[in-house]
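Trainee: Pasting in a structure now, in C-alpha cells, and then I'll have a few things to ask.
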Amino acid sequence: MNPVIFLVDMNAFFISCEMTRNSKLIGIPAAVAGNPQNRTGIVLAANYEARRFGVKTAMTLNNALKLCPTMTVVPPDHRFYRQKSSEVMNLLSKYTPIIEQSSIDEAWLDMTGTENLFGKPADAAKLIMEDIKENLGLWCSIGISEGKFLSKMASDMKKPLGITELWKRDIQTKLWPLSIKSMHGVGAKTYEKLHSLGIETIGDFANLKKDDAHQILGKFGLDLYHHAHGIDTTPVQVISPDDMKSIGRSTTLPEDLVDIEQLKYILLTLCEDIGRSARKHNKRGRTVNLTLKSSDFKVIHRQVTIKATFNTMEIYEAGYHLLKLHLNPKIPIRLIGVSISGFEDTSVPEQISIFNMDEFNKRDTIGNNRNEKIDMVMDSIRNKYGSDKISRASLIIK
C-alpha cells in the first residue's frame, strides 16, 4: 500500500481567526500587527485583500500602511489563535490519529489506508476542507502526495482553498518546471548561489549529478537532490503533549531579516507564548536555547543555563543576549526559534545560576519575583478578558 500524506495549511491564519469573531473584517484589507494605535510593530498576518496591495508578513506596520492606508489593523491575541489551532487539530483527528503539527497553522496527516472511510485522497481532502470551513469558519489549502516534502510543495500551489495532488509520477511535469526559488528549503542565499550557476528550475537541479549537488551545497544539497526526485521517507510523527521535555516556539520568516529590532520583537512574541505555556503546566526550566537558521540554511544552536524559571522576561533576556552575541548583520535570518528545557520539580529549591555573564546577571529580570507576579497578573487578565486587553510595552517597535 502506497503512503498517502496530507499537508493541511491554514490560510492567513491569525487574521482568519480574527475574521471568525469580527465579520466586519471580511472582504476588506485587514492584518494582525503589533500596535495599531501607534502604527508600530510588524505585520504578523495579512488577509488576501491586503496582500493585493503588497502587504507581507514581517513587514513593519508603518510600511504596510503606506502601501494600504485603508487597511484595518487588529492587535494579536495569541491565546485565541492557540485555541483555534487546537480546534483545528481536534477536527483533523476525526480523519486520522497520525498527525504531526509542524506549526500553529500547519499539520501533516498520514491518511494511508483511509480510502474505504473517506474515499479517494482528493475526496477526503475536500471533506476536511469543508469541515474546517463550515464548523470553524477558517480556510485551508491541502497538499497530497506520498511524502511530506511533496505534500508541502503541493499545498503551496493553490491558495486559498486549494487542493493539489503531487505524486512522484507527476514531478517531471508539475514540479520540475517550477522556479528553484519556490522549492521548500531554498532561501535567498541558496537561490543566489544556484542562480549564479545557471540553475533556474527545480528540474535543472534534479538533472545535476548527485555528486555535483553535494559539492555545491554539501549535505543540504543531497537532501534537495532527493526531494527534487520525490524521495522523502520521513514519517509523520505523532508528538504527545504529555511528553514535555521542552517548550519551544519557532517561526520561519516569509522574508529573510537582519534587523535586530524586528527579530527581537519576534523573539519576545515567541517567549510570551513559551512563558504562558510553562506557567500553565507549572514547568520551570533552566536551559534556554536559541536557534537561528540563516538564508543559506546554516543552523546554529546556542544555549545557556540560568536559574530555573517560567518568567517570560527571564526567558526573553537570555534569548536576546544570545541573539546579540550570535547575529551576524551580514547574514539574513530565515528562521528564529527559542525553547526552554531542563525542567525542575517546583518543590526543589532554586539553584544558583551558572550563567557566567556578569553584565547579563546584573539585569533586574533575573531571579526577580516581581516579574513572576507581573506574569501571573497578565495571565489572569488575559484568561478572563482576552489577550488583547493587556500587552508589554517591550512589544512595540519604535
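Backbone N, Cα and C atoms are what each Cβ position is placed from, and that goes for glycine too.
The active site annotation in Swiss-Prot covers GLU106 and is backed by sequence analysis. The annotation Mg(2+) binding site is assigned in Swiss-Prot to ASP9, ASP105 on the grounds of sequence analysis. What Swiss-Prot records for 5-187 is domain 'UmuC', and it gives sequence analysis as the kind of evidence. Taken from Swiss-Prot, the feature site 'Substrate discrimination' covers PHE14.
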Trainee: Over the domain 'UmuC' (5-187), work out the mean pLDDT and round it to an integer.
Mentor: 93
Trainee: Any idea what the Cα distance is from ASP105 (Mg(2+) binding site) over to PHE14 (site 'Substrate discrimination'), rounded to a whole Å?
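Mentor: Cα-Cα distance, ASP105 (Mg(2+) binding site) to PHE14 (site 'Substrate discrimination'): 9 Å.
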Trainee: What's the CA-CA gap between ASP9 (Mg(2+) binding site) and GLU106 (active site) in angstrom, rounded?
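Mentor: That comes out at 5 Å between the alpha carbons.
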Trainee: Which whole-number value in Å describes the distance between the Cα atoms of GLU106 (active site) and PHE14 (site 'Substrate discrimination')?
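Mentor: For GLU106 (active site) versus PHE14 (site 'Substrate discrimination'), the Cα atoms are 12 Å apart.
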Trainee: Around the Cβ of the residue listed as 'active site', how many other Cβ atoms lie within 10 Å? Please give the count over every shown protein chain.
Mentor: 18
Trainee: Please state whether DSSP places PHE14 (site 'Substrate discrimination') in a helix, a strand or coil.
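Mentor: Going by the DSSP assignment, PHE14 (site 'Substrate discrimination') falls within a helical segment, counted as helix.
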Trainee: If you skip the near sequence neighbours and keep only those at least six away, which residues in the chain come within under 8 angstroms of PHE14 (site 'Substrate discrimination'), Cβ to Cβ?
Mentor: VAL32, LEU44, ALA45, PRO76, TYR81
